[in-house]
């Protein structure tokens, strides 16, 4: 009858291999790379609109992808508009036109009015 396969002995608690993975040579822990996302801002808006509602991490991931996608579309369209008009700067006018082109009907109107309100608030606070 064959003998059962023996597993490798478990590494000791203070082994050198475990130490090098978690810590650098000078004894400091490695800094985790920061992953940028819009989750803080999505959460703030959610609490403004529905204070008693939460959001799952999966839903937050979807919202983050959505915001990134819309941002890229608006930036791309605004860039094309600036290029067509032989301009090297994207201004609020290009952004506004890009939003009007990308978003349908009533949604575009609301987005433009909220954007105008935000720009006015920003310029008045300077």
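Don't overthink the numbers, they just go from 1 along the chain as shown.
Using N, Cα and C of the backbone, Cβ positions are placed for all residues, glycine too.
Pulled from Swiss-Prot, these are the features on record:
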- 1-36: region 'Disordered' (REGION)
- 6: N6-butyryllysine (MOD_RES)
- 6: N6-acetyllysine (MOD_RES)
- 6: N6-(beta-hydroxybutyryl)lysine (MOD_RES)
- 12: N6-acetyllysine (MOD_RES)
- 12: N6-(beta-hydroxybutyryl)lysine (MOD_RES)
- 13: N6-acetyllysine (MOD_RES)
- 16: N6-acetyllysine (MOD_RES)
- 17: N6-acetyllysine (MOD_RES)
- 21: N6-butyryllysine (MOD_RES)
- 21: N6-acetyllysine (MOD_RES)
- 21: N6-(beta-hydroxybutyryl)lysine (MOD_RES)
- 24: N6-acetyllysine (MOD_RES)
- 35: ubiquitin cross-link (CROSSLNK)
- 35: N6-(beta-hydroxybutyryl)lysine (MOD_RES)
- 47: N6-methyllysine (MOD_RES)
- 86: N6,N6,N6-trimethyllysine (MOD_RES)
- 86: N6-acetyllysine (MOD_RES)
- 87: omega-N-methylarginine (MOD_RES)
- 93: omega-N-methylarginine (MOD_RES)
- 109: N6-methyllysine (MOD_RES)
- 109: N6-(beta-hydroxybutyryl)lysine (MOD_RES)
- 117: N6-(beta-hydroxybutyryl)lysine (MOD_RES)
- 121: ubiquitin cross-link (CROSSLNK)
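Positions of the features from Swiss-Prot, shown on the structure.
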residue	record	CB count, 10 Å
35	ubiquitin cross-link	7
47	N6-methyllysine	13
86	N6,N6,N6-trimethyllysine	6
87	omega-N-methylarginine	12
93	omega-N-methylarginine	13
109	N6-methyllysine	12
117	N6-(beta-hydroxybutyryl)lysine	10
121	ubiquitin cross-link	9
Cα distance (Å, whole number) from residue 86 (N6,N6,N6-trimethyllysine) to residue 93 (omega-N-methylarginine): 14
Alpha-carbon spacing, residue 47 (N6-methyllysine) to residue 86 (N6,N6,N6-trimethyllysine), which is rounded to whole Å: 42
Cα-nearest neighbour of residue 109 (N6-methyllysine) within the listed recorded positions, 35, 86, 87, 117, 121: 117
